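Okay, so here's the structure we're looking at.
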């Protein structure tokens, strides 16, 4: 499979538009075309040790969940480890692709996988994702009505000359017992200013004008974080054991909420893979489950009676790679070899 064909397929699997605005996702390193891909190499973090593994296994494209290039590089030398990753990738003709938060938002993505560790529950996104574009490629709709059809023809003619008007419709309406013509104009934000300026020239028209902000449609089951409601309440101690088993961890870090104990029932869990503070902040739940939070954010949660389980950042993400392997094999119709890194691991350990 050619690299560009594969990237298109990966983008179809999880659109980069699902990623957070601050993120850096998609194809990050591209060898000169044509570049056939026979082996796709999956990793959570692309370290130098993992890069060496990818070279040894003759990978043609590395899918690194975390983007190894996040802040812009001013140079590509042998001086820093991230620059060396780029050098090594290009020397060995290996592309690098990163999905990051696009996989967080995906209905069958990282957070969905993390929620499976809780047991039987229903979950909804904490911050739902919206479609990448507005309905009819417009951001606003302007509506007004008038009984003066002669003057209306002049106004409509001028509106039609404005660029970025996607839809203009008229239909009869009865307003306060009087037969009038209702006008609806769908337009971009730039065109909105011109439409309003035009209508402002007629005090009667502008007086009867409404401006509606069109909302991007919410995508079902898609978004950042998850609020999980257990089918039956489970004790905090049981949840801890379930999480450890699911993540294959010998231990987790725990902060017990004020007034709670290990035997306290957990009905609602708010979770976010990785660093979940900004996603979990202010959410009402019995438990927060994430990779890492700051000291003061943990204190805030505990003071509000919310217990916190921290598993270290990448431990809440890495296990998803085995599921991703199977999903991509189906999505790509088994056209390429897909392997998961054996060297990828969380940098923190208990000494």
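Numbers run from 1 along the shown chain.
Heads up, the Cβ atoms here are built off N, Cα and C, so glycines get one too.
According to TrEMBL, the protein has these features:
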| type | residues | note |
| --- | --- | --- |
| BINDING | 66, 104, 313, 317 | divalent metal cation binding site |
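The structure, with features from TrEMBL marked on it.
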{"residue": "66", "record": "divalent metal cation binding site", "CB count, 10 Å": "17"}
{"residue": "104", "record": "divalent metal cation binding site", "CB count, 10 Å": "31"}
{"residue": "313", "record": "divalent metal cation binding site", "CB count, 10 Å": "21"}
{"residue": "317", "record": "divalent metal cation binding site", "CB count, 10 Å": "25"}
Sorted by sequence, non-66, 104, 313, 317 residues with Cβ within 8 Å of centre, divalent metal cation: 44, 65, 100, 110, 273, 274, 275, 291, 314, 316
